[in-house]
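What TrEMBL says about this protein:
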type     : residues : note
TRANSMEM : 27-43    : transmembrane segment
TRANSMEM : 90-108   : transmembrane segment
TRANSMEM : 129-159  : transmembrane segment
TRANSMEM : 171-195  : transmembrane segment
TRANSMEM : 207-237  : transmembrane segment
TRANSMEM : 257-279  : transmembrane segment
TRANSMEM : 291-308  : transmembrane segment
TRANSMEM : 314-330  : transmembrane segment
TRANSMEM : 337-357  : transmembrane segment
Amino acid sequence: MNFALTSLVVLLGVIYSKIKENNWITISFVGLLCILIALRSIAVPDTDQYTLFFESLEAGNLANLVFFSYEPGFQLYSHLIKLIVGNNSTIYLLVIVLTNVLLLRIAINKISSNWSDDKPNYLLALMLYFAYYGLFYNAIVLRAGIAISFLILANTFLIKENMSRKEKITFISLIFLALVFHYSSLVGIVGLLIFKYFPKFTLRSYLIVWMICVLFFFSGISIYFIKFITTYILAFFKLFTATNLEKYEYYLTELYNIAYILPFKYIFSLFSGLFFLLISTTNTPNIYYKFLNVFFAGLLLGAIFSAIDQFARISDYFLVYSFILYWYNFKYISNKWILGILFGVVFIQLVFVFRIINV
């Protein structure tokens, strides 16, 4: 993937979202990004593995499910795609991205309808998504990416105080789909509980949590805390021996390679959290704070476990909601300084994600 071209598309998409947003413009920008992601080089991490997996599938032969370590939901979906499009791995990768876009478009519409009667501005929301998480989870971590999209959509059903029978069935189905696409999405269910049951807190309470995060980030306490709980973590993973979750034990090697580091992504998230707090007003809807609660949970977890390099795969189930919070703020605020911040937010995230993609 080309950094300059991808950045140009995303930044132009942001500009058009603030000038003139309509369905055709949205389809053009989002479609172009989807194509760029699908055409990425196999040098992008994990792309060669997913391509080889798809090309090795015998479409419809479900007996082969046991030969691959991927979750059953993802494998079945890959079988379905291959039955429809054949052995074209580029189209396969494109369908994966389009799946996430479709799920998020539905979620964006449901969220927006609870914020105001204005048009959702899908283009702005999706450009903010693609600025980091959309690129990372559609180009590298595909299974978790779809699982996250299912959970975000499931979260929108919790906005209502009471769900109908049909909505409850849909909600449970979305959680089930998230789990069978990536088992780690079990962590994301905690985010749903936080969204549902945690109230809006005072500004002082949020700032206290934020300062605790700062303390953990910059003091190095994370290392000592992780060393203290390592025994308990190892005991926890032993519960999954001889199960499908056993494959996640390879993450345990991270416990022996902890170090005092200041991940740029977490520092960015830290300042994002402060921005979300300071820019909120008395007119900010309650749902904003529900998403903020989930984000702050990820911020706190990320700070506590920042010494573990791969912990971002866990905290992202909470921090991904940052694109929704940014979307709300940039959608309703037209101040020139705020718009300047918008460009900075988008560009910084693009730099972060391309440091990972690295091609």
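Each residue, glycine too, has its Cβ placed from N, Cα and C.
TrEMBL: automatically predicted annotations, no manual curation.
Computed from a predicted structure; not experimentally measured.
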The transmembrane segment (291-308) and the transmembrane segment (207-237): do they have three or more Cβ pairs under 8 Å, with pairs 6 or more apart in sequence? yes
Beyond the flanks of the transmembrane segment (314-330) by at least 6 residues, Cβ under 8 Å: 18, 108, 111, 115, 121, 124-125, 128-129, 131-133, 137, 144, 148, 151-152, 184-185, 187-188, 190-191, 194, 269, 272, 275-276, 279, 288, 291-292, 294-295, 297-299, 301-302, 305, 338-339, 342, 345
The transmembrane segment (27-43) versus listed stretches 90-108, 257-279, 337-357: most Cβ pairs under 8 Å: 90-108
Chain residues outside the transmembrane segment (90-108) and at least six past its termini with a C-beta under 8 angstroms from it: 30, 33-35, 37-40, 47, 50-51, 54, 77-78, 81-82, 120, 122, 125-126, 129, 134, 137-138, 142, 145-146, 149-150, 152-153, 155-156, 327
